[in-house]
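Chemist: Quick one: the structure is below, and I'll ask about it shortly.
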């Protein structure tokens, strides 16, 4: 943000020299040889009497302090006067003129010496082009720093967006992990139920085995008892009856029948036990495979989560580092910008001062030059008087000119965040 402020000042220049003038000696144009000159103190209030001129008026100035002032009336009256007195008066007046010319020449030499000393003291104008180059380089550095800051801000925004994406992925993976852990809990409960069922079946198998052993033992006892009874019975009865059945054969048949029944029951029990064992073994294998798969998934998810946490932590550290770097860079460039602004303001102030000094020196030089020209004109006029040449009274009267000079001072200030970081003053002289 910048704005300009202008201040105007004006000054009047009389005779091309502001506030300073040197008075010149009175200059006259005698009309004929029969003339008388009467001079007042300082060259003002002079009277010249000429027989053929009716009246002439002119203004003269005296001293080195003010403008041309002290206007006197010159009356030329006709009449015959004594030639000797006239020549005496003219010689006296001419002597005073010569003395005045010598004093003016001395003053002119002193002014030339002062001008030469002032010029040598000031020296040549300072070359500001190296500062312009340095200012351009600093502006380029500020621009490059601004671009670097923009890139850093963009990188920070990208890192923030990437961190947000990783956070979303982490939350999604965490939800999947929780669901998998829930499934694992259900599978563990199912495994526990399966183990309990397996233990119950094993207990049933053991009880069936014990029952089978008990049945075999009872059967063997019954067979032994029947065989003992058959052996103890030794009675032979001979009757006329049909041929009796063979008890041994019957017992063998019964034994074979019971053996077949027991074998069949054993086979049925073994088949049922084998089928149950195979079924539960298959279920256990399936559950074991699912559990292993779930464990692998959980391990992979845990590994992924750890890698994501590590990457998230690294991104957070990188973000903190970039933010610290950005803060330091902003502080450093703000300090450098403030220093550059102060340097630029100082250079602009020096430039304004140099311009003002140049203008003042130019005005002083112009005033001295005008004074020198006036003195040379007066000396030339005195020489013409000494040589006896005639001249118009209008040539002897100095031309008083008034010139108005208007100065326009433009102050430009650059404001950043409410602070003035740069200020420049530009002075322009307008001659009316």
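Glycine residues also receive a Cβ, built from the backbone N, Cα and C atoms like all the rest.
Okay, these came from Swiss-Prot:
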COMPBIAS  1-21  compositional bias 'Low complexity'
DOMAIN    83-393  domain 'IF rod'
REGION    1-44  region 'Disordered'
REGION    2-82  region 'Head'
REGION    83-118  region 'Coil 1A'
REGION    119-134  region 'Linker 1'
REGION    135-226  region 'Coil 1B'
REGION    227-250  region 'Linker 12'
REGION    251-388  region 'Coil 2'
REGION    389-432  region 'Tail'
SITE      333  site 'Stutter'
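Let's see these features in context: how buried, what's close, how far.
Modeler: With DSSP classes pooled into helix, strand and coil, the tally for the region 'Coil 1A' (83-118) is 36 helix, 0 strand, 0 coil.
Confidence for the region 'Coil 1B' (135-226), expressed as mean pLDDT, is 87.
Annotation for residue 333 (site 'Stutter'): same-chain Cβ neighbours under 8 Å, separated by at least 6 residues, are 142, 145, 146, 149.
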Chemist: What does the DSSP secondary structure composition of the region 'Coil 1B' (135-226) look like, as residue counts for helix, strand and coil?
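Modeler: Counting residues per DSSP class in the region 'Coil 1B' (135-226), I get 92 helix, 0 strand, 0 coil.
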